[in-house]
Amino acid sequence: MNALPSSAEFSRAVGGDAVSREAVIRIEHLSKTFSDAAGPVLDDVSLTIRRGEIHGIIGRSGAGKSTLVRCINLLERPSAGRVIVSGREITSLRGRALRNARRDIGMIFQHFNVLSSHTVAGNVALPFKVAGLPRAEIARRIPPLLELVGLAHKADAYPSELSGGQKQRVGIARALALDPSVLLCDEATSALDPETTDQILALLRDINRKLGLTIVLITHEMHVVRDIATRVAVLDHGRVVEEGATFDVLAFPKSAVARSFLSGLVAHELPPPVAAQLLPAAVPGSDPVLRIVFTGTAAHDPIVADLVSVFGIQPNILHGRIDYVGDRPLGVLTLVAGGAGEKLPAVLSHLSSLGLVVEVIGHAVRSAVARRHSAAR
């Protein structure tokens, strides 16, 4: 492996405006149909992944995530459409040309695929041997890889002596052996416990920063996307239903699929017993229910106290949470604006002027919601 770039070199490589807009992977109108499937597994998927991004692709089981990532390096050949990686149309290649192109695309999997009969160093050496590198060159290049993934002290260990996280580190080192510019991660943390998952995500983030590596991360776990991805695409029934900066998708999800993934992570959705009490329109004795999204410094402002002191509102908090996406705070608060009445337009205008995103999501008879909310707790 080449020497790691300095921070200045890495900044020039992935930080400039011109380069950061460069598309490393372009997926154009991609479709895939299997002979035994009722319909297309992928249906007219288009996606652009830029240099240095960690791009998450999330979806339910069967959404087509793994098929999509396997089409990027042509482990699965698409039925229609194009995949372009680093300026080369991968889908037009076969034989030796395809094998050479794949050297620029590393891949790790949910199951670690380490050979039990080989040591850690022996497993990492495999891509070098397939590429025909001399033995001395292989011996020179293995130690920096093991150092990068935190396994320098395990070079002579066998897989039976390793934890699951250490086996995945072997997989990462092996995937990076031929200096790829792209790393595909297909459910790479799904078989790991939460603590080990966090460690592997931290390693991937570190590798992304040090090497300027573009990472495509397939997962069904939104917290993985929250913790590491710069952008995210939401896949459902073989189609991209939403795509954007991770913070924007988490803060302002547009699709029902994204909102369902966020239900345990960001408080966009009310608990079902409370949601069941909401009315679609105002009735006598009801109050508006507001969902307020806080971002940046507004996530820490005393908004509820402000509503009481400025407008005399009697707020009843139904649900809320503050989380962090990267280093940016994101809060979602749902409350009944008790006594808002004719003051509601002024309340909404005031909250908007503070940089908050606010919407009326329904109405509620306060006493009924309070009773049900108390029971739900």
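From the backbone N, Cα and C atoms, a Cβ is placed for every residue, glycine too.
Annotated ATP binding site per Swiss-Prot: Gly59, Arg60, Ser61, Gly62, Ala63, Gly64, Lys65, Ser66, in sequence order. Summarising the annotation, Swiss-Prot assigns domain 'ABC transporter' to 25-262 and lists sequence analysis as the type of evidence.
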Exercise for review: Specify the secondary structure state of Ser66 (ATP binding site) as given by DSSP, simplified to three classes.
Suggested key: helix
**Study point:** Additional residues around ATP, ordered along the sequence, whose Cβ is within 8 Å of the centroid of Gly59, Arg60, Ser61, Gly62, Ala63, Gly64, Lys65, Ser66
**Key:** His220, Leu235
Exercise for review: State which of the following binding-site residues has the fewest other Cβ atoms within 10 Å around its Cβ: Ser61, Ser66.
Suggested key: Ser61
Point to revise | Fewest-neighbour residue among binding-site residues, criterion Cβ within 10 Å, set Gly59, Gly62, Gly64 | key: Gly62
Check your understanding: So among the binding-site residues Arg60, Lys65, who's got the most Cβ atoms within 10 Å?
Key -> Lys65
